[in-house]
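Each remark here refers to the structure printed beneath this line.
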Amino acid sequence: MTKPVLEVKGLHKSFGALQATKNVSLDLKPNEIHALIGPNGAGKSTLIGQIAGWITPDSGSIYLDGEDVTSETVASRSRKGLGRSFQVSSLAMEVSARRNVMLSVQASQGSSFRFWKQTKSDEELRETARNWLRKVGLSGREDIAVSELSHGERRQVEVACALALAPKALLLDEPMAGLGPTGSIQLTEFLEEIRPEIPILLIEHDMDAVFRLADRITVLVGGAAILSGSVDEIRASALVREAYLGEEA
Amino acid sequence: MQRTDTAPKPVSMPKLSRETIVNIAVMAILLALPLWASSIGEDYYVNLASLITIFAIAGVGLNFAIGQGGMVSFGHAAFFGIGGYTTGIAAFHSFEETLFVAMPFAISGTNQMLIIWIVAMVICGIAALAIGAISLRTEGVYFIMITLAFAQMIYYFAISWPTYGGEDGLSIYLRNQLPMVDAESALTFFLVCFILLLGAIFVSARLSGSRFGAALGTARMNETRLATSGIDPFPIKLTGFVISAMITGLAGALFAELNGFVGPSMLSWHRSGEIMVFVILGGVGRLYGPVIGAALFVLLETYIGEWTQHWQLLLGLALLGVVLFARGGVMGMIAGRARHD
Amino acid sequence: MLLEVKGLEAHYGAAQALFGVNLSINEGEMVAMLGRNGMGKSTTISSICQMVTPTKGTIEFCGQSLNRMSSHKAARLGLGLVPEGRRCFPNLSVLENLSAAARKGAWTLDRVYDLFPRLKERKSQSANTLSGGEQQMLAISRALMTNPKLLILDEATEGLAPVVRGEIWQAIARLKKEGLSILIVDKTLKELLPLADQAVILEKGESVWAGRPDTLTEEMKDRYLGL
Amino acid sequence: MTAALIFEQVLNGLQFGLTLFLMAAGLTLVFGVMGLINLAHGSLYMVGAFCCAWITQQTGSFWLGLGGGVLGAAAAGALIEMLVIRRLYDRDHLDQVLATFALILIFSEGTRMVFGSMPLYLNIPAALGGTMALPGVEAYPVYRLFIILAALAVAMLLYLLISKTRLGMRIRAGESDREMIAALGVDIKTLYTIVFALGAAIAGLSGALVGALRSVQVGMGEPVLILAFVVIVIGGIGSIKGALIGSILIGLVDTLGRIFIPVILKFFMENASANSIGAALSSMLIYLMMAGILAVKPKGLFNATN
Amino acid sequence: EVKIGMITTLSGGGSTLGIDVRDGFELALKQAGASDVKLLVEDDARKPDVAKKLADKFIQKDKVDILTGIIWSNLAMAVVPAATRKGTLYISPNAGPSALAGKACHENYFNVAWQNDNLHEAMGSHANKADYKKTFILAPNYPAGTDALKGFKRMYKGELAGELFTKLGQDDYAAEIAQIRASGADSVFFFLPGGMGIAFMKQYAQSGVDVPVMGPAFSFSQDILPAIGDAALGVANSSQWGKDIESEVNAKFVKGFKEAYGRLPSLYASQGYDAANLILSAMEKADVSDKDDFRAALKEADFASVRGDFKFGNNNHPIQDIYVREVVKEDGQITNKIVGVAIKGHQDAYASKCRMK
Ligand SMILES: Nc1ncnc2c1ncn2[C@@H]1O[C@H](COP(=O)(O)OP(=O)(O)OP(=O)(O)O)[C@@H](O)[C@H]1O
Ligand SMILES: Nc1ncnc2c1ncn2[C@@H]1O[C@H](COP(=O)(O)OP(=O)(O)OP(=O)(O)O)[C@@H](O)[C@H]1O
Ligand SMILES: [Mg+2]
Ligand SMILES: [Mg+2]
């Protein structure tokens, strides 16, 4: 058995009376895309939030590459190799796409307490950022301010930022949302391409993409992981059909 | 994906942007006028230029916090005042030939500006470290108010601390000294201030363009992004705050030299507001904005005051006009919106 | 004719986003607006609702020109907007979101709760803590509570679980059957096209085709919609 | 020091806090609800006091003056909202600070041009003069009790308005997304003018009420303004409840601090230095408290959102 | 021709003082028909650094011979030491901080009003005469405030019922008044200038405490008395001047002031008036371009002061009588009436620290 890159054990989180995460355990192995599906409000984003460090779990632990990171800050988890995208894009809007990616590159290269050398003339930094943007399909758009990019393009920038951290694992919260059919297909192909290098925990409501990409699917309902299995197993489950898929499977 | 009506920009961009031209012009005027005034023996105008220069340095400091780091400090008078009091207290002890601290080791006063500047900046840095460490836990309006609260604490402390004059303040009877030049001369002192202003702007520009600056700028625009990129916002912002305070503190030290006087009014919230006015008037985040802002403010205050007793009304109207009709301050009006590559 | 848009042009700052959009909706009709990302669908909607001021062209609603009308007056004539990105009021509770802008008419709290029972369960929770899907339901309900003559849905099913998406499509179908006029933008053509009476395709800020959805050829779908 | 005196000082602290609340209430309304930093709020307080003093002088009736003060401030508020403030909502806080700072200058100088530099005479109405005995306190000024009641009434009304009425909901909705609430058919522009005028009216009310107790002069609003900001930040911006608790807290801490700190210090040092160090400490005390509270609760005690 | 630069507070809090000083000064010039005096007036907005800037301007650009006008001690401390050291004459119409009367006294500095402590000392002496045994004293916590209480205590022989420092700018005194009530004091002495005093007096009157109050003239001068109203009636206050002092020059001053400005003159107006007359008297004896001569002429103080006898001590501060006034209503107008002399031929306590002879 291969060692999981990311492992979540017995996570609990309540908001007042609402239990948003109920004893969730799951893992992410090398070379796999593990999809997380479930109805709206099932607690998927909350779970990602806890893994990334924005939300403190009530109990349970999170391991990254075998190391317990439960009490680490967001930034330190990112540095240790946890890349993520947000359900609603979160980028520095006033600057170019390249600047956004450069920041991730710079963080992955070490301390940001470097005061003198100008990033503008740091060709290596700029080139690396450009490469990542090319990889997600944004060649030629690097120097446009993010605020002037369309909804879909922003998603791509966000993915590029996550990749630029050279992450060990990637958390993607609905990366397809807001992408048109062409965009979805491109992104699907791209994720396919990086799977061998970076395992992905993927939240997505676009079932075409999920069924095409996922090696494993975990279904979250009402905060609890009720089922985990291969694409076919999930498709076949009556429970999942009823709670989530509806007629679509 | 989108068409534009007109061709966006000529392909061969001229080397100098409008902003650069304005910057050069402003600095040239600021340098030339006192040289000329001094040559015809009008030291008053030289001192006025020194005042503008010093306020501009204070503004450059605050602008670094606001324009780069998005930390809207309404308490920068604290650092301005601390810088001033450092000068005042050092000169006081040097003049009285007493010790500042006797135990555990003796610290005496000094009349050497270079030493005073360094000490003033270090003390401001330490104060900013303490104030920032607490204040940066908050954000937005809360940050504005908590920085104000710290400044008010120091203000009331200064008012009621009798050793250094309380509300009456401290006079510096003799201007402190610089090696090799005659700091008593108005023109020399102006040139010293001018060089320090250039230095402050240069440092601020360098820092903004560095990796640290990139992180600080992202902290302003989107802290979530910064943390997600693996950089802890807090130490970045704290460092930015400390640097900003040190620059403003240096301005305070120079202000004390120029006036030959320090007092609690250097620490009052009006002063914080004024420094902020320099920044906004000139254009937030513009490197040379505070120079324009300080110049405009000082000139308005000085010359409207000569016309009429009701100068505050006119000053108010002028400021209001700038906010309402010149978005992005004067620099925004002249040179268009700020560009970040 | 309920809504008639002719030769609409709009800018964001100096950049032109719309270059001539024509669109018309009859009473009781459901019109789908199609086009790839960034082609100006949302901008057209913003212009109709006067959130973006058109630079050229005319917009007529219920026989009245909307040009230069302020946004709230246009809305009061009977435009009900479900905007892109939901834009629920985060600091208000679900109930408050629903009642803040409600106007009298057939749609009441009870009917909305009937349509989306989930909202009733969460009525006193503040909107910023709702899940994405819950927020989407709230945005639709909020627009319904203003009892509009024309419901405008911009990506109303984005980010929803398949079952909920199904529910929302059912709800839309129901609204249509009840005679509500609808202008809709959505990615999932599979569900959208069978419901729509008319379709308009935008390409680079221009309406390039209009007609009945069943007359859309595969070649056009490929060319304009990237399918 | 007797228990009765301590009780009386607590009452004084409460009363001082509630006068602050009157000022803070309007500020938090405008600040929290409309997201606007209004440094000129103190000017509206001044306008209220001056209108009240002038009308009282002309008519001889404090009550007419009070009404005039409220209306005058509301009118001034509506006017500056339409001319200036309206253009500032979607600006950042910096522009708001600068513009309202400019308004302070304009108001102060304008008031001086109209009324002259001398402080005006405004005293409490005869009906509310005198003192009454309270349990534990032999003589407490009736007028101060009246202010306590007025402040509590304002608190109650505002709370109901904001949290229970549709008007309140719309105002809050506008705070988070003006464009959207307008797109839903709400005339947010007029609504904001009304809210701003309401905030101004409360400021005017407090200026008139408190002016009769203190001095009516140009610049009277500034010290109160800073304190009021401290109050609403401690309480949590936009929260009427927070403003109420915050102002009472400040009132108590400030009053008790300036009375008891020197007393306590006298145990450790000689009288004179205890007096002056105590006074220094107590003038810093509320700022110390504010920093402490924000360090632990960065969004104040009762944050309206969340 | 003599050029005089007046730096005074004409806007913001405390501007009434500056306006009165200016008006008194201008009145004296007008009455004397002085055509050879050029007066330049500028507003310091009560900010030390603005005052300093104006002083620079007057000295360096306008090349004035004499500076005057500053109201506040902290502004005076920012301006005076540097200006007098550079050889400019400074005539103070109001502020008289102890440093300038003592250790830091200077031959170019003259004060025609008082040393800051004078009126408080006079009140202490008055308290003895009134046979007060247990006085409660309070002042704001800043140098002028601590000096005030020190000055009072310097003369006062009774026991203190309590001593309080309040916050500068404080405007609610309920807590302090409660303490006064509880202290069993037989009298109250306070120094609370400007709006602080108005607030204190109003609240004191409302509180039902009926212990007699006394204070220096600042809280009962003509510019703020109308704002306090009846609450001030009967209060004893110390002043080196009163409008009812019987002398030709005082009558001319009071009448002229009322005619010119339509209001009663205040203490500050009298000080501005005296400052101008002092300068005029020196101009008759000496030429301003001869600094030593002119200084000597100033020191002689050969002018008719509206307060009566006036001369300078070794430190260029006045030696003078200080009166006790009482607030009364005259023809429906609230004003002061002299009821006695608090202290005769009084010189300040710092004179001995001054090196000048
Ligand atoms: N801070 C909070 N306070 C209270 N409840 C919350 C908070 N955050 C989330 N919730 C609730 O927890 C539940 C889970 O929310 P979450 O955003 O994780 O759902 P999700 O699975 O990501 O849904 P979607 O697919 O719609 O995005 C929802 O019911 C939401 O209302
Ligand atoms: N706020 C804005 N500022 C500048 N340009 C904008 C803005 N919003 C949209 N645009 C530009 O206007 C064009 C049309 O955008 P619009 O949002 O209307 O497209 P859309 O068809 O709704 O796309 P999507 O399917 O991605 O929502 C795009 O090129 C976009 O980049
Ligand atoms: Mg989610
Ligand atoms: Mg869109």
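Including glycine, each Cβ sits where the backbone N, Cα and C put it.
Annotated transmembrane segment per TrEMBL: B:21-38 (among others), in sequence order.
Within its own chain, the transmembrane segment (B:44-65) has Cβ neighbours under 8 Å at 30, 33-34, 37-38, 71-73, 76, 79-80, 186-187, 189-190, 193-194, 196-197, 200-201, 204, 207-208, 240-241, 243-252, 254-255, 258, 274-276, 278-279, 282, 284-287, 289-291, 293-295, 297-299, 302, counting only residues six or more beyond its boundaries. The feature transmembrane segment is assigned by TrEMBL to B:44-65 (among others).
Cβ atoms under 8 Å from those of the transmembrane segment (B:77-95) belong to residues 58, 61, 108-111, 115-116, 119-121, 123-124, 127-128, 131, 147, 150-151, 154-155, 158, 164, 169-170, 172-174, 176, 245-246, 248-257, 261-262, 264, 266-272, 275 of the same chain, restricted to positions at least 6 beyond its ends. Annotation comment: TrEMBL describes B:77-95 (among others) as transmembrane segment.
Residues or ranges marked as transmembrane segment in TrEMBL: B:115-134 (among others).
Cβ atoms under 8 Å from those of the transmembrane segment (B:141-165) belong to residues 71-78, 81-82, 85, 88-89, 92, 131, 134-135, 263-264, 267-269, 272 of the same chain, restricted to positions at least 6 beyond its ends. Annotation source TrEMBL lists transmembrane segment at B:141-165 (among others).
Under the heading transmembrane segment, TrEMBL lists B:185-203 (among others). Under 8 Å from some Cβ of the transmembrane segment (B:185-203) lie the Cβ atoms of residues 27, 30-31, 34-35, 38, 43, 46-47, 49-50, 53-54, 56-57, 60-61, 175, 178, 247, 250, 254, 257-258, 287-288, 291, all in the same chain and six or more residues away from its ends.
The transmembrane segment annotation in TrEMBL covers B:234-255 (among others). Remote same-chain residues near the transmembrane segment (B:234-255) are listed as 50-51, 54-55, 57-58, 60-62, 64-65, 68-69, 71, 73, 76, 79-87, 113, 116-117, 120-125, 127-129, 131-133, 135-136, 193, 196, 200, 203-204, 207, 212, 215-216, 219, 226, 266, 275 (criterion: CB distance under 8 Å, separation of at least six residues from the stretch ends).
Beyond the transmembrane segment (B:275-300), the same-chain residues lying 6 or more positions past its ends with a Cβ under 8 Å from any Cβ of the stretch are 19, 22-23, 26-27, 30, 48, 51-53, 55-60, 62-63, 66-68, 72, 74, 76-77, 80, 197, 201, 204-205, 208, 248, 314-315, 318-319, 322-323, 328-332, 338. Residues annotated as transmembrane segment in TrEMBL: B:275-300 (among others).
The transmembrane segment annotation in TrEMBL covers B:312-335 (among others).
Tertiary neighbourhood of the transmembrane segment (B:115-134): same-chain residues 75, 78-79, 82-83, 86-87, 90-91, 146-147, 150, 176, 237-238, 241-242, 244-246, 248-250, 252-253, selected by CB-CB distance under 8 Å and a gap of 6+ residues from either end.
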